[in-house]
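Asker: For Gly14, Ala15, Gly16, His17, Ala18, Gly19, the entry in Swiss-Prot reads FAD binding site. Annotated NAD(+) binding site per Swiss-Prot: 274-288, in sequence order, evidence recorded as sequence analysis.
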Amino acid sequence: MTDSFYRYDVIVIGAGHAGSEAALAAARTGAHTLLLTHNIETIGAMSCNPAIGGIGKGHLVKEIDALGGAMAHAADAAGIQWRTLNASKGPAVRATRCQADRSLYRAAIRQMIEGQARLNIFQAEVDDLLFEGDTVCGAITHTGLHFKAPAVVLTAGTFLAGKIHIGPTQYAAGRMGDPPATMLAARLRERLLTVARLKTGTPPRIDGRTLNYTAMQEQPGDAPRPTMSFIGNSASHPPQVSCWITQTTERTHEIIRAALHRSPLYSGQIEGTGPRYCPSIEDKVVRFAEKNSHQIFVEPEGLNVIDIYPNGISTSLPFDVQLELVRSIRGFEQAHITRPGYAIEYDFFDPRGLKASLETKAIAGLFFAGQINGTTGYEEAAAQGLLAGLNAARHVRGLSSWTPRRDQAYLGVLVDDLITHGTNEPYRMFTSRAEYRLQLREDNADARLTAIGRDLGLVDDARWAHFNAKQEAVARECGRLSALWATPGNALGREVKETLGVTLSRETNIIDLMKRPELDYAALMRVPSLGPGVDDAQVAEQVEISVKYAGYLNRQSEEITRQQRHEATAIPLEFDYAAVRGLSTEVLQKLQHIQPQTVGQAQRIPGMTPAAISLLLVHLERMRRNRVA
């Protein structure tokens, strides 16, 4: 092999959701990229639940898509059931979710990776990283191959010192059927990085042919179906299926309570903290002892497999207990388990040791993304991966990094939460984490981010053309409607009364008419002189939201502008906080530990006071004047 085989601009380690997006983003922006994975066949694998999207998570997928990422495309190629969650609520909290065929999803991701220019794949376990002082310069495989690169993105998922637990049985693994990255974990622990343990879990898988669906409630998908990608088409979705809903029983809870002493969660065997919002069934039975049943979503794992994912009964109880509790569930009386549920513990690193670019502060050129940063979920991992891959490529070219602000994207909220507050439990995205969620809707992710993505080199010509055509259509339709006026006596006013039963008392612009709670775009388009309107549902939605929520959006924009002063005030990396007179010991220690990159980030550190921020601003201004002088 020639020397060029081993030299790259960016190396990405791990090919799950974070690694796939990282490698694609780096290569799309021009970096010669190597994706190292222990098994090419598991690229893009959905290790736990077979679904993409949901509350907060769907927002992240739309943002990934707006920035040219892969996840939404793969979801559209694999989605076998589609739903819009919170459809009856406001647009800020509506979210798209799809049940996905695991095989189709994995195939879609692999196809995109294999088709990406400047991106090579190599199958190898990575045992160590190469360093020159405090700078990363490559990776060493289990077989001793040395790959060189000035930037490395580590997306190890649950593989770093991973340990599976099923009852008292425990063994080293990255996930069931895959080896852990034990050597790499040990080497990383030797560096100046703060490491801790987290845990997650998964339910037993069931042979769907052994279930009694007549005892369950059918949950069909939505019609018409949404799409995940802004440039997706529901006509390209695979065949659709139903999910089902059932419940645990009092007998289920009795079985679990009687076996708690055998649970690694309660015996002290597991040290890592589990996800608060996706607890195991034994955790739910203990924490919500007053409940007689818990809901279970019965989700098919694909069109051509027998496996069912029983969402809601993640467990690490011994297998004999798993079998008994599964068969106590309504409709599961004859269930055959194909794979046991288990918990897995793994290493993660305190994300407060990261810059906003997701580069580690301790090691130049080393970027972390995904569960290694303390998050849980495919969507959270993929969003971080895209950002880390982009910034790794920019690092190599000597360009400044880019991270969205909290008011620009849920990705910005995610990163800021992690690097400012850290986490001691798996972090999951919710819409409630964002202060500006009316601005950060699923439907406008492209309007927020696609132009930025184009400037960064992430967005290709086809997506850019589609985006511009959509924006022009929205502006054109808003302009058309704003030019139309209805009066009690003119023809349009009479049509409005006859069609909609709305009697006008004065001259009214059609835009103002749409602001009324009882009217929407679709209703107005039934008026002969107004309709039929645009036939693109995305354009119609943008027109309606921009009109109905204009007042709220304008007020939130003004608030964001006020906050921007602090967000734009950078703090030098080598800043000496001890030189700021008047800071309390507590505040000083927090600033020295977190090393915020902007005054805005410093403001969000728990325990930070307005007085401390004022002192910080005064000192920064004094430094600026001294430099000028």
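Each residue, glycine too, has its Cβ placed from N, Cα and C.
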Asker: Select the closest residue to Gly274 (NAD(+) binding site) from the following binding-site residues, measuring between CA atoms: Ala15, Gly16, Gly19.
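Answerer: Going through Ala15, Gly16, Gly19 one by one, the Cα closest to that of Gly274 (NAD(+) binding site) is Gly16.
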Asker: Please list, in sequence order, every residue of the chain apart from Gly14, Ala15, Gly16, His17, Ala18, Gly19 whose Cβ lies within 8 Å of the Cβ centroid of the FAD site.
Answerer: Val12, Ser20, Glu21, Ala22, Thr37, Gly44, Thr155, Gly157, Ala369, Gly370, Ala381, Gly385
Asker: Check the DSSP secondary structure of Ala18 (FAD binding site), expressed as helix, strand or coil.
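Answerer: Once the DSSP labels are grouped into three classes, Ala18 (FAD binding site) ends up as helix.
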Asker: Identify, among the binding-site residues Ala18, Cys278, the residue whose Cβ has the fewest other Cβ atoms within 10 Å in this structure.
Answerer: Cys278
Asker: What is the separation, in Å, between the Cα atoms of Lys284 (NAD(+) binding site) and Ala18 (FAD binding site)?
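Answerer: Answer for this pair: 29 Å between alpha carbons.
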Asker: Look at the binding-site residues Gly19, Gly274 and tell me which residue has the greatest number of other C-beta atoms within 10 angstroms of its C-beta.
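Answerer: Per the Cβ count within 10 Å, the most buried is Gly19.
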Asker: Run through the Cβ atoms and count how many others sit within 10 Å of the one on Gly16 (FAD binding site).
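Answerer: For Gly16 (FAD binding site), the 10 Å Cβ neighbour count is 29.
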Asker: Nearest of the binding-site residues to Gly14 (FAD binding site) by CA-CA distance, picking from Cys278, Val286, Phe288?
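Answerer: Answer for the nearest of the binding-site residues: Cys278.
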Asker: Taking Cα atoms as reference points, which of the binding-site residues Arg276, Cys278, Glu282, Val286, Phe288 is nearest to Ala15 (FAD binding site)?
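Answerer: Nearest by Cα distance to Ala15 (FAD binding site): Cys278.
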Asker: For Phe288 (NAD(+) binding site), list the number of other Cβ atoms lying within 10 Å of its Cβ atom.
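Answerer: Its Cβ shell of radius 10 Å holds 12 other Cβ atoms.
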Asker: Of His17, Arg276, Lys284, which of the binding-site residues has the most Cβ neighbours inside 10 Å?
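Answerer: That would be His17, with the most Cβ atoms nearby.
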Asker: Counting distance between Cα atoms, which of the binding-site residues Arg276, Cys278, Ser280, Glu282 is nearest Gly16 (FAD binding site)?
Answerer: Cys278
Asker: For the binding-site residues listed here (Ala15, Val286), which one has the lowest count of neighbouring CB atoms within 10 Å of its own CB?
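Answerer: Each of the binding-site residues Ala15, Val286 was scored by Cβ atoms within 10 Å; lowest is Val286.
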Asker: Could you say whether, by DSSP, Gly274 (NAD(+) binding site) belongs to a helix, a strand or a coil region?
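Answerer: SS state of Gly274 (NAD(+) binding site) = coil.
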Asker: For Phe288 (NAD(+) binding site), what is the secondary structure state per DSSP, taken as helix, strand or coil?
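Answerer: Looking at the DSSP assignment, Phe288 (NAD(+) binding site) belongs to neither helix nor strand, so coil.
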Asker: When the Cα-Cα distance from His17 (FAD binding site) is computed for each of the binding-site residues Cys278, Ser280, Glu282, Val286, Phe288, which gives the smallest value?
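Answerer: Result: the closest of the binding-site residues to His17 (FAD binding site) is Cys278.
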Asker: Around the Cβ of Gly14 (FAD binding site), how many other Cβ atoms lie within 10 Å? Please give the count over every shown protein chain.
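Answerer: Here the count is 31.
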